[in-house]
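**Student:** Submitted below is the structure of interest, expressed as structure tokens.
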Amino acid sequence: MFNLNTKSSKEPEVTEVAVDSTPSSPVTRESSPESSPDNSAVDLEKGKKSKFEMHDQTNLLPRSQLFLVFGAMAFCMLVSFMDQNGISVALPDIAKDLNATDTISWAGTSGLIANTVFQVLYGRLSDIFGRKLVFMIVVCTLVCADIGCACAQTSTQLYIFRAFSGIANGGMSCLTMIVVSDIVTLKERGKYQGILGACVGLGNTIGPFLGAAFTENVSWRAIFYLLAPMGGLCAVVIFFILPSKKPQGSAIQKAKAIDYPGLFCSSVALVFLLVPIAGGGSYYEWDSPMVISMLCIGGVFFIAFFVIEGFFAKLPMMPLRIFGTKALFALMMHSVLLGIAYYGDLYYLPMYMRNIRGWSSMKAAGMSCALVTTQAVTTVISGQYLSRMGRYLEVIYFGFGIWTVGAIMKCFWKRDSNMALLIFSLLFEGAGVGCCFQPTLVAAQALSRKEDRSVVISSRNFLRSFGGAVGLAVCSAILANSLKADLKTKNLPSELYELIVKAPFSLPDLSHYPEYRDQVLDAYMNGSHTVFVFLCPIVGACLLVTVFVKDHGLQTHEKKAAEAKTVEDKDKDESGTDCEDMTKGEVLVSEKEGKLSRNSSSQSMHFGDHTAVNTPAPTGYNTPVVGTLCHNSPNFPPMDHNDVITPLEDFDESPLPPHSPNSSGKRVTIQEE
């Protein structure tokens, strides 16, 4: 028997049909619109045979199980973002407790750098070792890191454990999106990714609230004592609920498949680039030998990384083909710019509220709800729109447009700005973020190959984190340099000036200097204004870059390529070629279903990316694909190339006889016109 993959003429679903030696065939259904062969031993970058066989981990679930697994993924995403942003409002208190007022920004920077360094790796690791195993490792890492943060006695210990938290959080957010992409179809993916985006906003809301509540009433350490068991619950849920399609191959084969040169070069490049960028202007002088040498080394390894990925890696962590079209390149640029703007807001809005407005941690967290709650709501709405309408471009345009309006409004903030201006600015920005985060991801998946699904997600998250790290470093330098320049013009006591310059992110106690309070707050306001002005054109650039994104609907890259090919083949057939240019052993389906070819030597049938082997088809049958068959192979049974193919839904179905090798399927009676 030979197998053939096609779809119903009414629904965007793939139907696998097996035609045996009688005019009957079993039918099974797979609800995914994405199609690729399982265990394809193909070098994904160069099309050559690879020693490691990639395993298709698509695992479409029945609805009841889907809701359970997706709920677990949503909970993991919530915990991850609670952990990432829960300590932002507590940093001033942590700095005082650990005597680290001049270095406390590294509590956030260390996690973000570690997140960025490892983010690019998770896609390929999950391809090689399986989603479940890698997921369990990163969740256990998060639990251990949070326990370490809770027990930290020095700032150095805290920064190290926050770095491990960053490694784990990067894996959790990335793998959650990959798993959801495995268990739902592309058409439904916008809806489910939208709910995940809502969990991001919810985590960004709950985390600061819990951090503020624990800091003011218990201790900042209590935040981590809460997050650690929540992470443990994630591990238990993943272990018992997440289904696993374990990739084939031995542990040695899997270990050899890792792109070690790429991993080494990317890690060295990012560390050597981000550390001086994060500390330049505040902890290190920009023209110091250390900063210059680290930037040069990082730049060299960054170039080496892309050379390795493009020309030498057999299984690259970041295949350069994901930048190969204008649309995909624009979407990846979105990720970098979006990371700069979004992380800048997350870190510098609370600073404005606490340092300049003098609000408590709880009030600052409450004001931030205007942004993150709106983000959560609009993410769900935009995801529903994507799934129902099958389009994404107008959502992305609207998102970056309204985000730009909010960023412009933020540039008019003053020390005494009224609440209406603040709230509407945050509402507009939150709505914009909600319409950009997940729709850009769904668009990138729709425009890329199925086998690139995991690396598209990890690369996109990596670029967003990289943009965030660079953006925070630049914003930090802008604020520090603005404060220095502004305070030099004021007649401040030297001890107060040195105190501010050494720790620009932690407002000193001005009760001892009441006469200088307004001057210091004005300097902080000018610095924050400069940061907001810097972020505004970044968002505007995202809007401009969107013109390069094309909306082809929620179809897979393979399906669009197949349709383009068959349209060309149909044109040839209608122009009178009558299949004359087909090579021996081929059959052409000249409608919108792709090219069907048979290799007579291996007795195999190919449809698109799918292959089915065994015996030839019987004489006098019609393949259940809507279209017209043409063939010129003597090895094929005779058939009229003008026979009209009966639509699948017109076939009569009956149970297979007990002797059938596919007894779990259904018999389809082939009908001829």
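Here the Cβ of each residue, glycine as well, is placed from N, Cα and C on the backbone.
Copied straight from Swiss-Prot:
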REGION    1-44  region 'Disordered'
COMPBIAS  21-39  compositional bias 'Polar residues'
CARBOHYD  ASN99  N-linked glycosylation site
TRANSMEM  103-123  transmembrane segment
TRANSMEM  133-153  transmembrane segment
TRANSMEM  164-184  transmembrane segment
TRANSMEM  194-214  transmembrane segment
CARBOHYD  ASN217  N-linked glycosylation site
TRANSMEM  222-242  transmembrane segment
TRANSMEM  261-281  transmembrane segment
TRANSMEM  292-312  transmembrane segment
TRANSMEM  364-384  transmembrane segment
TRANSMEM  393-413  transmembrane segment
TRANSMEM  419-439  transmembrane segment
TRANSMEM  465-485  transmembrane segment
CARBOHYD  ASN526  N-linked glycosylation site
TRANSMEM  529-549  transmembrane segment
COMPBIAS  564-596  compositional bias 'Basic and acidic residues'
REGION    564-608  region 'Disordered'
CARBOHYD  ASN599  N-linked glycosylation site
REGION    636-673  region 'Disordered'
CARBOHYD  ASN662  N-linked glycosylation site
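Looking at the shown structure, what environment does each listed feature sit in?
**Tutor:** Around ASN99 (N-linked glycosylation site), the same-chain residues six or more apart in sequence whose CB sits under 8 Å from its CB are SER155, listed in sequence order.
Outside the transmembrane segment (133-153) by six or more residues, the chain places 76, 79-80, 83, 98, 122, 125-126, 160-162, 164-165, 167-172, 175, 179, 221-225, 227-228, 231-232, 234-235, 238-239, 242, 244 with a CB less than 8 A from a CB of the stretch.
Using a Cβ-Cβ cut-off under 8 Å and counting only residues 6 or more beyond its ends in the same chain, the transmembrane segment (164-184) has close neighbours at 57-61, 66, 69-70, 73-74, 76-77, 79-81, 83-84, 110-119, 122-123, 126, 131, 134-135, 137-139, 141-142, 144-146, 148-149, 192-193, 196, 200, 234, 242, 441, 445, 453-454, 457-458, 461, 465.
ASN217 (N-linked glycosylation site) counts 9 other C-beta atoms within 10 Å of its own C-beta, drawing on all protein chains shown.
Counting residues 6+ beyond its ends, the transmembrane segment (261-281) has Cβ neighbours under 8 Å at 105-106, 109, 113, 116-117, 120-121, 290-291, 294-295, 297-302, 304-305, 308-309, 312-313, 316-318, 466, 469-470, 472-474, 476-477, 480-481 in the same chain.
Beyond the transmembrane segment (292-312), the same-chain residues lying 6 or more positions past its ends with a Cβ under 8 Å from any Cβ of the stretch are 259, 261-262, 265-266, 268-277, 318-320.
Here the transmembrane segment (364-384) has Cβ contacts under 8 Å with residues 89, 190-195, 197-202, 204-205, 208-209, 211-212, 345, 349-350, 353-354, 395, 399, 422-423, 426-427, 429-431, 433-435, 437-439 of the same chain, all six or more residues outside its ends.
Residues 341, 352, 378, 382, 385-386, 421-422, 424-436, 439-440, 443, 528-529, 532-533, 535-536, 539-540, 542-543, 546, 549-551 of the same chain lie 6+ residues outside the transmembrane segment (393-413) yet bring a C-beta within less than 8 angstroms of a C-beta in it.
Within the same chain, residues 190, 193-194, 196-197, 200-201, 334, 338, 342, 345, 349, 367-368, 370-383, 386, 392, 395-396, 398-407, 409-410, 412-413, 539, 542 sit at least 6 positions outside the transmembrane segment (419-439) and bring their C-beta atoms closer than 8 Å to a C-beta of that stretch.
There are 16 other CB atoms within 10 A of the CB of ASN526 (N-linked glycosylation site), with all protein chains counted.
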**Student:** Where ASN526 (N-linked glycosylation site) and ASN217 (N-linked glycosylation site) are concerned, what is their Cα separation in Å, rounded?
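**Tutor:** Cα to Cα, ASN526 (N-linked glycosylation site) and ASN217 (N-linked glycosylation site) are separated by 33 Å.
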**Student:** Counting Cβ pairs under 8 Å to the transmembrane segment (103-123), which of 194-214, 222-242, 465-485, 529-549 comes out on top?
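**Tutor:** Stretch with the highest Cβ contact count: 465-485.
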**Student:** Which bits of the chain, at least 6 residues beyond where the transmembrane segment (222-242) starts or stops, bring a Cβ under 8 A of a Cβ in it?
**Tutor:** 68-69, 72, 75-76, 79, 82-83, 86-87, 90, 131-132, 135-136, 139-140, 142-143, 146-147, 149-150, 172, 179, 210-211, 214-215
**Student:** What same-chain residues lie close to the transmembrane segment (529-549): Cβ under 8 Å, and 6 or more beyond its ends?
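**Tutor:** Result: 326-327, 329-331, 333-334, 337-338, 340-341, 344-345, 348, 393, 396-397, 400-401, 403-404, 407-408, 410-411, 413, 432, 436, 443, 471, 474-475, 478-479, 482.
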**Student:** May I ask for the residues of the chain that lie six or more residues beyond the transmembrane segment (194-214) and have a Cβ under 8 Å from a Cβ within it?
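**Tutor:** Contacts with the transmembrane segment (194-214): 70, 73-75, 77-90, 173, 176-177, 180, 220, 222-223, 226, 346, 350, 360-362, 364-366, 368-369, 372-377, 379-384, 386, 430, 434, 437-438.
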**Student:** Name the secondary structure element type, per DSSP in three states, that contains ASN217 (N-linked glycosylation site).
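**Tutor:** SS state of ASN217 (N-linked glycosylation site) = helix.
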